[in-house]
Every structure is written in structure tokens, then in C-alpha cells.
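Peer 1: Dumping the structure here so I can ask a few things about it.
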């Protein structure tokens, strides 16, 4: 069997955990044994970190596969998938490693399981270098469900850097196949809303300051829209540790959702957190695409698996998206093309990501 392993270079392009997530999810779905080498080669701490390892172990368990080299710091693994089964699966990073990144690796797999799944994901819900759980629920979920599946995401407890301690339960039923999506008409922004949160030892005043700063920043560009960013203090029994942050979402007339978000940390004033999120949202609105930078790469694997042609209009293609496309094409029969839209508005940097999906069929249904 070893001769037929697909070789994945984990150090090229974006060179991070995303290569592991995309390739092991696709390996699991397609029954491809993989060897991934040079894992996170360019990072300050190369090799597997706790969240990457717990993601790999969850995929191994949900398809009764084999994983070799699964240790913290390991720069090479081999993964031999088995048959994907539903049921309850637990992944615990035991750190502030992102539950949203655990969800990214597991979700495509359990969509093609034999029966419904319940994923108990433990770690950080609002972590740096990853989507916040609020983003996953408010933006990722409604858009990804356009591929014709649904899932339920229940935030049991929020957890922050450095301890983590959060828990999210995701429930999903399998599908026969995924439908393609067409997200090419942005429409006009109809409302802007969000939440600014504090938890643990922090006063609600900080949430109000983040919210007010974000509103002021957006008002400079967008004058006539009602903006509703709720300041909230997370209930003590629903949050572990101390944290703060904000997410601001713009909704358009065609149902597109684009966001900006930021996390508070010691020594960073609340105004700055609010302004960062607002500026990120405004940047995402400026390019004229239907998805923001954070969603762009998360849609690639679903486009590759869907049956038919998906089209998404986006801003500049991120390195994360280029990386996801590269490995999706290497492992599936999906074909991607990225075209710059010259004719529309030359001042805007807009692209169409088109994918002829492989049309994955669930063999279990």
C-alpha cells in the first residue's frame, strides 16, 4: 500500500495547518492514504501543535483510520483512512487551539458519513489566527449551508487565550451530494450588526467602548445605515477565563454576509479593537466581492466536492485560498479557474473563483 501513498508537501505556499486540514479531510473522503512531510516547516514552532494533532486524531477516529507520526512537534505523518462513520466524536486541544479550525477539518468528512454525527470540540472559541466562533455562526454557517446541507452549532462554553476551556457541540446529518453555489451578485449593503463581548474579569464598559469605536469608524464611510453592535458580557457559567473581542457583519440585499473582527488583549485599548474590526469590514466591502477574506478559503473544499459548477466573486485571492485550491486540485478531480474581472470597475480588485466540482457521492446513503 505504501507505494501508493499521496505525497503532500506541508511546507509550500501558505505552509501552515491549513494544508493538513484540507489534505486529511480529502484523504478521508476519497480513501487516499497520505504522507504529509515538512509540516508547518516555515513556522516559528514547526511541526504539529496541539490543535493540529487533535484535528488529525478526530479525523482518524471518525473514519477508523490509522495515523503514524501523531505527536506534538512531529513534521511528518502518514494517514490511512477507513470508512467514515457517524456518531459522537470528541476533539480536545487542551489549549486555546481553535475549535473553529477543528470544525473545518471534520465537517466535510461527516457530511459523507453513514449516519448523523455529533462533534464535541474543546479549546478556544475566540482565538487569534482563526475565525471566531461568532464568525462561524453568523457568517460561515448561513453561506456554507447554500451547498445544501445544514448543521447545528451550540456554544456550550466560551474559552479564550491562553487556557482555552471552551466547548462547542456541532450536530450534522449526512448528505447524498453537495449542490454547487453561485455567489456572484453582491447587491447593496442593507444592514450592519454585530456583538462586542467581554468575559471574566473585564467590565461591560470595554464592550461599549469597542462597539462605539467601531460604529464611529464605519460612519465615516457609510452614513445612512442603522448600525447595531450589541455590547454583551458573557455569563460567567458560559465562559471560561477572561477575554474580549468584537465582530461586525454587513448583510446585503442578495443575502451576502461580510465581516470584520478583532480580539482584545492585555495592553490594547478597547477603541483600537473596535476600529480594527470596522476597518477590516470596510476593506472587505471595498473590493466588491460577495465573500470576505476569511470565508474565501473556507469555501474551496466544498466547491471541490460539489456536483456542478460553483462560482464565487471575491476580492484578491488570499494565500490561504491559493493553497486550498492547489491541494484540492491535487487530490480531487475538481478544476478551479480564477479570473480577474477587468470590465466592471477598474478601481476594484475583483475576481471570480470558478470550480467544476468532482461531484462526490456519499457511498453510505
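Using the three backbone atoms N, Cα and C, a Cβ is placed for every residue, glycine included.
So TrEMBL lists the following for this protein:
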ACT_SITE  320  active site, tele-AMP-histidine intermediate
BINDING   104  ATP binding site
DOMAIN    13-338  domain 'RNA 3'-terminal phosphate cyclase'
DOMAIN    184-285  domain 'RNA 3'-terminal phosphate cyclase insert'
Peer 1: Just how many other Cβ atoms lie inside 10 Å of the Cβ on residue 320 (active site, tele-AMP-histidine intermediate)?
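Peer 2: Looking across every protein chain shown, the total is 20.
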Peer 1: Write out the long-range same-chain contacts of the residue listed as 'ATP binding site', meaning residues 6 or more apart in sequence whose Cβ is under 8 Å from its Cβ.
Peer 2: 21, 25, 298
Peer 1: Determine how many residues of the domain 'RNA 3'-terminal phosphate cyclase insert' (184-285) DSSP places in helix, in strand and in coil.
Peer 2: 37 helix, 37 strand, 28 coil
Peer 1: State the mean pLDDT for the domain 'RNA 3'-terminal phosphate cyclase' (13-338).
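Peer 2: Within the domain 'RNA 3'-terminal phosphate cyclase' (13-338), the model's average pLDDT equals 97.
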